[in-house]
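Annotation comment: Swiss-Prot describes C85 as active site, nucleophile, evidence class sequence analysis. What Swiss-Prot records for H181, E183 is active site, and it gives sequence analysis as the kind of evidence. The ATP binding site feature in Swiss-Prot is assigned to S235, G236, G237, V238, D239, S240, S241. Positions annotated as domain 'Glutamine amidotransferase type-1' by Swiss-Prot, on the basis of sequence analysis: 8-207. Taken from Swiss-Prot, the feature domain 'GMPS ATP-PPase' applies to 208-400, supported by sequence analysis.
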Amino acid sequence: MSDIHEHKILILDFGSQYTQLIARRIREIGVYCELWAWDVTEAQIREFAPNGIILAGGPESVTADNSPRAPEYVFNAGVPVLGICYGMQTMSEQLGGKVIQGVGEGEFGYAQIEMLAESALFKGIEDAVSSDGKSLLDVWMSHGDKVSAIPAGFVAVAKTDTCPFAAMSCEEKRFYGVQFHPEVTHTRQGMRMLSHFALDICGCAANWKPSSIIEDAIERLKKQVGDDEVILGLSGGVDSSVVAMLLHRAIGKKLTCVFVDNGLLRLNEAKQVMEMFGDHFGLNIVHVDAENRFLDALKGEADPEAKRKIIGRVFVEIFDEEAKKCVNAKWLAQGTIYPDVIESAGSATGKAHVIKSHHNVGGLPDDMELGLVEPLRELFKDEVRKIGLELGLPYNMLYRHPFPGPGLGVRVLGEVKKEYCDLLRRADAIFIEELHKADLYNKVSQAFTVFLPVRSVGVMGDGRKYDWVVSLRAVETIDFMTAHWAHLPYDFLGRVSNRIINEVDGISRVVYDISGKPPATIEWE
């Protein structure tokens, strides 16, 4: 088996919103990489032994005092270095070039760069040709400052009308700087540039692929837990499902999954989880039907934050009770993924993987004394999904829209009651079914129904009814940080509304939420 960590790229984070995207792109190319804060030590870099280093972008100005710098060792390590945006500016400044503050002439958004010289980074890449025969590339810019003089030994590789050094290189040392963002899709050939860097310039092999990651994870799990028993909280979500499948492959019946049905799940979800993991895949699952316990604890509580805390607390109590019954369990498995690890590390702490444990399960009692197993902690969400497919999990489960941890507890506004949850489940199932039928489900990023605790007058036949209101919500987003409401066709919305009002006795009115984020959040609570 090839070592999936043998070749690797180190990405130093200077605070750009795009940094995780760079890491995901390098992984997509098939090369392992890690994301560390910019202030790492020489010893840490030596220990990691990267085949190449990428200096990412950042919001600071190189011209400001105390702005972040790459460790000097980066330029003496003998490996290729690629500086992106701020990374190019700090590389230039640190190696003897010059950076000036942009005054009113920064470049933000689409730009076309003109190639001035050949470079290994841009080999065979062009989007268009200018009238005087120069290669042109479509790129995405986001910078105020710019390099005004490049270091000795470097050549200008590309320019724009306002930026004389849109790209620079020192081919001898294999140092490259680009003022644009190759990692975003708006830079049309960005993936080819990053691929040139990782595979051709750094000489990495593309060993990082789902089948190899699975083999590696199973080997490591066997080594870590040996013949011990492991306990896992299985929610039916992507992360815990993939952890369950990996552990099942590695240790079989020594894994006990605890599935807690809190009464706040989607229609038939508990049944589907039990059928898939229990009957189909043959996992050892303890099914705890705790609907009444959760609803009793939530009685009379209308505050969203308090509801979240109650749901979390009751889950921990139940999980603790079940874990104590597994007297031989020595390990607790969790679905921690790489963005959780990065978040926990923060900047200015050195190496990004020296972290505080990220407890997805939340505040589990210390007296459990279980070791922690986190087989997904190196993976991004899109990688977890690809691994899930390779492990045989169904596509529609892995690529389902996000569902909040507290479930319908935060989609029923105000106090949560069984009657409200049952109505909401059925209304939501109709909305999702119709989205699939109309081939719209995968065109929106997230869609769901919200129960509003208000009554509205309706007419059914000759009679009047006074029943509840639900709101449909559908958004389009890239990163869930900002979102637009989805412009679903009116006839589609009309069809969904008619079905819900006619088929779900107790709902008399359906509205559509047209709020963006900001100012509204995606979920209502």
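Including glycine, each Cβ sits where the backbone N, Cα and C put it.
When the Cα of V238 (ATP binding site) is compared against those of the active-site residues C85, H181, E183, the shortest separation belongs to E183. Within 10 Å of H181 (active site), counting CA to CA, the recorded positions C85, G236, G237, D239, S240, S241 contribute C85. A 10 Å cutoff on Cβ-Cβ distances gives H181 (active site) a total of 23 other Cβ atoms nearby, all chains included.
In sequence order, S16, A56, G57, G58, S142, H143, V178, Q179, F180, H181 make up the list of same-chain residues 6 or more apart from C85 (active site, nucleophile) whose Cβ falls under 8 Å from its Cβ.
Each residue contributes its Cα atom, and for S241 (ATP binding site) and E183 (active site) those atoms are 30 Å apart. Of the listed binding-site residues S240, S241, the Cβ environment within 10 Å is emptiest of other Cβ atoms at S240. S235 (ATP binding site) and E183 (active site) have their C-alpha atoms 33 Å apart, to the nearest angstrom. In the three-state DSSP scheme, H181 (active site) is classed as coil.
A count of other CB atoms within 10 A of each Cβ picks out G236 as the most crowded of the binding-site residues G236, G237.
Counted within 10 Å of its Cβ, the other Cβ atoms near V238 (ATP binding site) come to 22, all protein chains included.
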